[in-house]
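Novice: Mind looking over this structure? Questions follow.
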Amino acid sequence: MPKYRSATTTHGRNMAGARALWRATGMTDSDFGKPIIAVVNSFTQFVPGHVHLRDLGKLVAEQIEASGGVAKEFNTIAVDDGIAMGHGGMLYSLPSRELIADSVEYMVNAHCADAMVCISNCDKITPGMLMASLRLNIPVIFVSGGPMEAGKTKLSDQIIKLDLVDAMIQGADPKVSDDQSNQVERSACPTCGSCSGMFTANSMNCLTEALGLSQPGNGSLLATHADRKQLFLNAGKRIVELTKRYYEQDDESALPRNIANKAAFENAMTLDIAMGGSTNTVLHLLAAAQEAEIDFTMSDIDKLSRKVPQLCKVAPSTQKYHMEDVHRAGGVLGILGELDRAGLLNRNVKNVLGLTLPQTLEQYDITVTQDEAVKKMFRAGPAGIRTTQAFSQDCRWDSLDDDRAAGCIRSLEYAYSKDGGLAVLYGNFAENGCIVKTAGVDDSILKFTGPAKVYESQDDAVEAILGGKVVEGDVVVIRYEGPKGGPGMQEMLYPTSFLKSMGLGKACALITDGRFSGGTSGLSIGHVSPEAASGGTIALIEDGDTIAIDIPNRSIQLQLSEAEIAARREAQEARGDKAWTPKNRQRQVSFALRAYASLATSADKGAVRDKSKLGG
């Protein structure tokens, strides 16, 4: 039977100094011997998805203490990708994921904590904490801050829903008046919470449900709604039960690697494809799988993408539905229920509540449950009041959206598309693959061939797009923006948004070894692997080269002979120590980012650090 990790610091005469310090934090004799549970918070005033988390750690801690544990809270950093977007700040976003994972490991191992409750929400924070949880493999429950309410405003005598992306597009559209742009800006992000569409933050918080590491409702229940408080109260109680199950009953099923096993990862990716989640989730699931020592690769994702339909369509792929609408339609369990009926899920998995997938669906799928409390929870809706306070309203929809023929969530028979919302493309352009969010691609451009316009930084591409140098039919290529080449693998939300602003959203393609915001839509292909800085073919492309994209056949090709590609590769190698670097880019790269780049792998590996370079 495993010994409590915390006993290392709380038992034995030689630990008198450690106990003296624990006493200085408020612990007493009766606490020594109880499980010490880390409350891993990520409160910050920089990020709307985290601005309301300050008191929620205390809420969880109180429940831990009341249930027989000792709670000790600490904070991680949290970068707001939207605020960091479009300037040098975006270089720091993806590297912050590794820092978060490491900082959780450092704190938990340095102080010998026995278990964790992870209070996350936004883009890199949930993945970073997930990586740490699977690396440490001690009992854990995730409870996120919840989605933001959708913005709303009146334009042309019509009430429309809004989000961050609308503000960005209208702000760059020369045809939009200053007054209208200002109106949209002021209405787009009305409350605390993670941005209201199926962007990266909400996608990842939905996936923690599918992985079994969070409770039903975690991915979709609004940050502002009073019902969400119960998730935090339950997490504090449940983590003590899980902790005692492992340490006192030798029950390894309480450990995250036994909950989030390969079958659960396949279910999570199946959900992601069905709901048209952010392409960033591919990056993060690959990284998390490596931490869990699970053999889950781009090949697995490719296989799933070929058989899973799209059953849910949410902003940015449509403005009709946001996360509040997904919740009304049954949330993650609503989508999983339809996937289960279609025979597309592994059923022999459990979650942190100890329920199997069939048991969870029986209780929480709104189309089958008899539990009125569950139905009431899924009617939790927006209040439409600007606020930064969690649990500040208790509005409810009059009815649930259980229309699986024409509602937000569809059955297999009425799927938005028989092809799922994400696809992996291969070809001489991307030998190790690249990712496209097909949910956001118009049917008219699923096949696209055009001449390349090549840029070696996001900034140059934006200048060209806004300057009218990119025209209908072009394929914009932005390279040396991968994990190593950026460094940091910037998101390309501004270039894709500005293509829309210029009326080119359905007339051009954009390809990059960088990545895209969950707010991106259009023919936007990212994660090209190998990246330019690692010798990828994307580094060899020249202006005017023809690129052929064929999403239905999962192909992306540079239409050059093998001999010409080989000649260009030889010329690149002849540059010596300048090979596989940008020719004309001026970019200040800090020591911290250079350190990250020195170990970074390409996106097909999850952009994790190359352990082979560390030895041992």
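Placement of Cβ uses the backbone N, Cα and C atoms for every residue, glycine included.
So Swiss-Prot lists the following for this protein:
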type     : residues              : note
BINDING  : D81, D123, K124, E491 : Mg(2+) binding site
BINDING  : C122, C195            : [2Fe-2S] cluster binding site
MOD_RES  : K124                  : N6-carboxylysine
ACT_SITE : S517                  : active site, proton acceptor
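How buried are the listed features, and what sits near them?
Specialist: For E491 (Mg(2+) binding site), the Cβ neighbour count at a 10 Å cut-off comes to 32, with all displayed protein chains included.
Secondary structure from DSSP puts C195 ([2Fe-2S] cluster binding site) in coil. Within the same chain, residues at least six positions away from C195 ([2Fe-2S] cluster binding site) with a Cβ under 8 Å of its Cβ are P48, G49, G82, P147, M148, D163, L164, C189, A201, N202, G518, G519.
Sequence-distant neighbours of K124 (Mg(2+) binding site): residues of the same chain at least 6 apart with a C-beta under 8 Å from its C-beta are A78, V79, D81, S93, L94, S96, R97, I100.
Every protein chain considered, the tally of other Cβ atoms within 10 Å of the Cβ of S517 (active site, proton acceptor) stands at 31. Reduced to three states, the DSSP call for S517 (active site, proton acceptor) is coil.
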Novice: Here's one to test understanding: among the binding-site residues C122, D123, E491, whose C-alpha is closest in space to the C-alpha of S517 (active site, proton acceptor)?
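Specialist: In terms of Cα distance, S517 (active site, proton acceptor) lies closest to E491.
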Novice: Ten-angstrom check, please: count other Cβ atoms within 10 Å of the Cβ of D123 (Mg(2+) binding site), all chains counted.
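Specialist: D123 (Mg(2+) binding site) is surrounded by 34 other Cβ atoms within 10 Å.
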Novice: Name the residues of the same chain, 6+ apart in sequence, whose Cβ is under 8 Å from the Cβ of C122 ([2Fe-2S] cluster binding site)?
Specialist: V47, G49, H50, A78, V79, D80, D81, S194, T200, A201
Novice: If you take the centroid of the Cβ atoms of D81, D123, K124, E491, the listed Mg(2+) site, which other residues of that chain have their Cβ within 8 Å of it?
Specialist: V79, A84, M90, S93, L94, C122, T200, N280, S517
Novice: Which of the three DSSP-derived classes (helix, strand, coil) applies to E491 (Mg(2+) binding site)?
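Specialist: Looking at the DSSP assignment, E491 (Mg(2+) binding site) belongs to a strand.
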